[in-house]
Amino acid sequence: QYSPDSVAGADGELDPTEVTFPGCPCRSSSCTAPECPCLRRGHSYSGLCLRLAEQQEQPFSRPVFECNSLCCCGEGCQNRLVQRGLQLRLQVFRTQRKGWGVRALEPIPKGRFVCEYAGEVLGFAEAQRRIQAQNPQEPNYIIAVREHLHDGRVMETFVDPTRVGNVGRFLNHSCEPNLFMVPVRVDSMVPKLALFAAADISAGEELSYDYSGRFHNLPGASREHKPVEEENSLRKPCYCGSHTCASFLPWDSSLFSTP
């Protein structure tokens, strides 16, 4: 079932459509920092894409909050980007070795928002149950995104587009990707998993991102580990073809382990 936005999972634990953030009182057509309380919470898009598309020295980045449905600013506000959804011409196509993939039908400049990775938003227990119920031959679409807070806490978001999702579910992994993922919050603390161009992308080029979260992140940000030899039978080979290919698709043991 195609859905441009994420929906509540069958477990009913999280509802991404629920509005819990207050709106900003800005009456201008487009909000500006530092006047707008939404922009004061984190990054503005004027500096976000440039900052995130380049490796930085700082161990942490500021979060991204868009203006929401309760804000007084107009629909044309510059702080409303990901919520507008897909604005580019993309094509799902059959690759030679990786099953389905997605390619751009027009040039995409570095830093441009491309699409969201949308699906059912699940709690940890349901995400773990689903992934353990899969057999090794089945494709796994469940993504686990972990945001590391400055006080040591880790916020987890699990999205499963297996049955409900958008074009993002067809994006393949690459060890040298041309997209990077940013959690963007609009109406609540449940983030939209937004994918931005990490480089200038040509028309016809396949789009990809790093499933492990290593790309443009600190080494410790990923829970991927070097699996013991018997776990290699569960891992899927990587066919990205990059010079730094890790041979296998990323592996997150936490969703496979039992309590």
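Every residue, even glycine, has its Cβ placed from backbone N, Cα and C.
What TrEMBL records for 22-85 is domain 'Pre-SET'.
Per TrEMBL, the feature domain 'SET' maps to 88-212.
What TrEMBL lists as domain 'Post-SET' is 234-250.
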Secondary structure tally of the domain 'SET' (88-212) (DSSP, helix then strand then coil): 14 helix, 52 strand, 59 coil
Predicted model, mean pLDDT over the domain 'Pre-SET' (22-85): 82
